[in-house]
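Remarks on the structure that follows.
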Amino acid sequence: MAKCEHNLWVELVQDHAVPQLKSASRLARLVGELPEPAVQSPQIVFFMGRKLKDQALRQLCRSNYRGNPRHGRSITLRSDNRTLYTRQPRFFADCDPTNRALPTAIDSIRHCHEERVYPLELPAVKYTLHDLIMSRLLFLVVDVICIFADDVGGLEGVRRLLSTWITIGSASSLPHTVRPRVIVATSSPESITHSLLDEEDFLFQLFHVGKLQSFSAFGDIQISRLPAEELSPDARYVTLGGDISRQLQLAKNDRAHHRVLFSGKHLSAFFEAALHHARTQLLLPFNFILAARQQNPIDGAFTSHLINFLRLGNQTRAPYDEMASYIASAILMDAYPPGMHSFNPAEVFHKLYEDTCYRALRKCYSTDALASLQCSRIKEHLNTLFDRMEKSLKPSSEIHKHNLAQQQKYWSWARSNITCLFCLRRHPEHTQVCGHAICDTCTEIFGERTPHRESEYVIRKCILCGNSKYLTVRLKPVTAAPRVLSIDGGGPRGIIPLENLEILQEILGPEIPLVDMFELKAGTSAGGIIVLSWTIIRLPISECKKMFQSLTKSALSPKCKKGLLSRWLSDETYDSQVFEDILKEHYGPTRRLFDPPPSLVCSGKVVVTASSINDGAPFIFTNYNGAAPHRAEPVCGRLRPNVDDEPFIWQVARATSTAPPLFSTIDLPGIGTFQDGGMGRHNNPVNLALSESKHLWPSAPDPDVVITLGTASEVTVPRPSSFRNIVMDGWVPRVYRSLRASFDGRNTWKELEDRLDAGSLENFFRFDVSLPDGLPAMDNTGCMEHLSRQARKETNECYDIRASAIPGGALPLYGNNSMSCRRTTAPETPTGVGAEHTGVL
């Protein structure tokens, strides 16, 4: 493809409704042509005028100047090819500032470069749009402005232009000394004395425009005299070229001094941010530091995390100065990630962190003076650590890591399940063997990426205490959508989803663990027990089946069944203590849900449901915290108690499967009293799973695949009642039937189908079994063998149909961030639906 020759930078056009700003991404394209855009720091010289301006450009940018073929109302930008390989390559912009007409917007498709149009939403002002765009947008990235006086009406014309721009003011948050430096190029008249008097009068009038100083908008204003026209073009503009070079050098020095000498990559990114800012906030200041943090703003959660840290510090009796140093190095790591521009740390702290730190300190300290003093200590430590980072050329994370290593004696025993003590910015997601929990971002920073698997990291050593037991963390790839599994509750009928999981594992083969195919797994009651055993304990599916059968038969053994009077007094049919002992033996009596997994491989998020005994409101137990802020009125209550009250896994299994009247409720100290998760209208927890998926990965697309595993449903044919029988249709049987229907996971599935569009449904699957003879009793453990055979029979029939569409009958594998199989469907079987779905995984 031929190189794009268009040099349009920006242009103002008039649409039917509002004026528009058209951007041709010219600055980004020029930066992209630089050999080292992340290292080189381009400088922009803005020429304004007509004839003399064109002559000067022809001489000073002769390597890349071919005139301006457009209508003269646009602003163009070109590079000086002679400087492309220097540390400060030069870009030349030019326009005619006296041509302020707005051409009509014409839709034209450019196949060689991207063009974007920004409708401008501005209140009524007395200034022209051209002047506003110049002073509030373009001057943000311009180093030198060169105005050719003879082209714009002489010095008086220049004065009017500059006075207008000074009155409008700069939008830049940077120091005044790094504002554009102005050169006024004027031809020498016959009388030098007359020229000097005019120039002095010109500068005197500009020194104060109203109550505004000229240096509030411009770094400097000077006059450059052009020699007589009789000289050759080369000779006539050599002095101007020297003046421009000197001003560019001064601009570079000022920017370097204030730490705002931007690389080409950053300059382009800031200009794109300024374009979006100008669309609706052109009259408001543009803050470069805030613009650099648009994708990672400081939110209110940082205050909460700092408060948690300060309270931990008070418990460990860490010295004030050590805590200030700890916070400062955490801020350093957050403020200067790889690729971030090295802004002045004092400015960064003032703009981003000072208010947050003060609020947290004031919450924890008794006096304002102590909070202010500690805030000053944090700022001082930040400056010191920044200097160390700059001199050592090490990344900020290494400076933070070294700083924490020096404070191990204070923090080795500190624990938190709500604040990542490595960064103080996010919630922790994975607990190391030593007990220190770490967030996903810090896992990527301090973990070592494994070569054989995408987004898998090994944390070899805890930087808080030095513990060297490895922890492997498998994260969802950033560009991938999550995969979600939901398992219904159903007592002994939980053998059905286990059978389906075993079939899926057989299709995948032993070398690909099915458990690692899903980023999020949710379960209710029996489904919760399966999810905990399969994901946390990492039992193979075959072992899960054996465990489930043994556990169910033991807990619901006739030996454990109580007499009628005892049932009423103890609020249970079977002995809950026996059930608890079985769960403790299986999961361990002291292993907590937020503990490191026994395998030391964190490979999946778990959601287990329970419900309140007061109103049946749903609650969830999780082995994660999630990235998104919690909603004010969430769908369910998230249970993340104090680290010392974190529930044991056996307690979670007990809470989710406390089905009345089989077992009594369970009281978890520091948390609450709970009953079976199915009582909260989420016996099929797919809706909670989808909600949690968005909470975990708020910026990710909708799930690639959602599988919901049922525990059998009755075959019913809906029909209106023809007459009312007081025995069969009285309020007691009606309430009973309604309550029983609320536990049917297929109803939840049908409601979900109705809500989703056809495109989304292609990624949703329901595996279930229909029982024409009705559902077995909740304590009927003898039905498991029959249900297992029925599930395998129906599902295998469905897979035989799918095998004709999927080569080898294998489940599609996740690779290269996409699912590779094509769509297929399966009809209903005579006895029900083996696999209800509308597409392929």
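Keep in mind that glycine also has a Cβ here, set from the backbone N, Cα and C atoms.
Heads up, TrEMBL stuff is auto-annotated, nobody curated it.
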From 69-74, 489-494, the residue range that TrEMBL assigns the feature motif 'GXGXXG': 489-494
ASP676 (active site, proton acceptor) to SER525 (active site, nucleophile) - Cα separation in whole Å: 6
ASP676 (active site, proton acceptor) CB neighbourhood, other CB atoms within 10 A: 27
Count of other CB atoms lying within 10 Å of the CB belonging to SER525 (active site, nucleophile): 32
Tally of DSSP helical, extended and coil residues in the motif 'GXSXG' (523-527): 2 helix, 1 strand, 2 coil
The motif 'GXGXXG' (489-494), counted residue by residue under DSSP: helix, strand, coil: 4 helix, 0 strand, 2 coil
